[in-house]
Each structure stands twice: as C-alpha cells, then as structure tokens.
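Student: In case it's useful when we look at the structure, here is the feature table from TrEMBL:
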type     : residues         : note
BINDING  : C130, C134, H221 : Cu cation binding site
COMPBIAS : 60-84            : compositional bias 'Low complexity'
DISULFID : C130-C134        : disulfide bond
DOMAIN   : 92-256           : domain 'Thioredoxin'
REGION   : 51-99            : region 'Disordered'
Amino acid sequence: MNRAIVRAVQRLTGLPGKPQGVNILEKQRLWYSTKPPTLRKRVTNERKRLLREQQEKSDSSAATPAATPAATPAAKPAAKPVASKPKKKKSNVKSGIGGPFELISQDGATVTEKELLGKWTMVYFGFTHCPDICPEEMEKMSAAVNVISGQKDMPDIPIYFITCDPARDTPEVMKRYNEEISSRIIGLTGPEDKVLDACKQYRVYFSNGPKDRDGDYIVDHSVITYLMDPQGKCQAFYSRDSTVESVARDIRQKITSWVPQS
C-alpha cells in the first residue's frame, strides 16, 4: 500500500478501492497485511526477542542458590506452647501500580490521576495504529464492562486508553478511533515526556519498532489492562489470555469484596 492509503487508515476513512463502512478492525488488519513480508518478519522477530528477554528475566529472578546441607542440630528441650497470632488477610491490592500523571483527553482537556478517584476504572496502554492486539483488547474489555453494567448494584466502569505513541495519536485521532469501538473508552495522550511518566507509573514497557519505507512502524508494549478501585489502587490486571467471561466475573468479585483502606 502507498502512503495515501496508510493516511486513509489513520484518518479512519474508507480505503481507496474498497467499499465504505469497513470497521476499524478490518481497516487495521488490511493495512498490516499489505505490508512487505520483510517488515512483518522484523516485527515478529522483535516480539520474539522481547518475549525471550522477559522470560529470561523471570527465570533469573525466580532462581535461588542451592542450600548448603547443614549438620543435624542437637536435640533441645521442648519449648512451651505459644499462642499463634491470627494471620492477616491478604490484600488484593497490587502495590506500586498507578500514580501521578498529567495527560490530555481525546476532548482536549487536561486529565490527572485524580480523574480516576471515586469510581472503578480500567486502564490500558496501547496505540491506535496497532493492527490487531489493541483493538481486540479494547473490544474485549468493553464487552466485559457491558456485562458488569447490566447487573444489579454494579457500577458503570470507564476504560482509559493511554497511548504509547503520542507522535501519531493526537486527541482527534484517539477520539475517532475510540468512538468506533465503544463510548466507554476515553483516550489519553500528551507530550512524549508526560506519556513516558504515565507508563512508568503503571510499569508499562514500550518501544518503537523499525520504520518501513512509508515511515510507518509498530510499537511493542506491555499488553495488560488494570482494574483500579475508587481510591486509585490497582485491584487486578488482565492479560491477553483473559476472556470476556473471566474478566467480568473477576471484576464483580473484586467490587463486591472491596473494603476501602483507611
């Protein structure tokens, strides 16, 4: 495809030579499928490399040195019984995820972390030019929230979509993109340094891939959606392997069992 068609995809308008009314997923996938095999191979290899590095880090952190055999200790007199202390209830809070940020909404308004307080929210990082994963995750989370909102005593949960590609994802681009998927999604973008700060707060990794001859590129990033409670604490996160049913079920369980922290 030439640059004009790529721009057409970015504007979310009809593709030249194709019937109008093609939805966002079809446009994105068609755009990606027309890229040269060399680009797709580079992107695939890059993703494999990143996954391999993450697995190696995980394996190294999980490894522990072998214990040195110790001599058998001499027998000691039996100790007096001591009353056991009650075990503390394990918290669902995922510590260290979330924090201060200052971004721009798809409507042009300044948004900080305070916008997420006082309600249950979901937060996802991605980019609108993603050919498959991001739109699929947004549709899945929107469907899960639709299930929850239709149940008794369950809140309406907004989904905040924070871009990892501020150079291309302007407020206008994000608004057009999100409106084609769900009205629940609120796009957030901003200057590159502000977006980087937000990614650090949520422990999100991202890296721009190689550019093709048209200057287009794929952004590799963490594929995780966070569930944030009304106090701004992360109560759960969902990977690409999760389903609409499992996410909806877990969100309901987290909401019904949640106790505000003092």
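Cβ from N, Cα, C; glycine included.
No curator has checked TrEMBL annotations; they are predicted automatically.
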Student: I want to check the contact list for H221 (Cu cation binding site): same chain, sequence separation of six or more, C-beta distance under 8 angstroms. What comes out?
Tutor: F125, G126, F127, C164, V204, Y205, F206, S207
Student: Enter the number of other CB atoms within 10 angstroms of the CB of C134 (Cu cation binding site).
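Tutor: Result for C134 (Cu cation binding site): 25 other Cβ atoms within 10 Å.
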Student: Can you tell me how many other Cβ atoms are located within 10 Å of the Cβ belonging to C130 (Cu cation binding site)?
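Tutor: Other Cβ atoms within 10 Å of C130 (Cu cation binding site): 21.
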Student: Roughly where does the domain 'Thioredoxin' (92-256) sit in mean pLDDT, to the nearest integer?
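Tutor: Residues in the domain 'Thioredoxin' (92-256) carry a mean pLDDT of 94 in this prediction.
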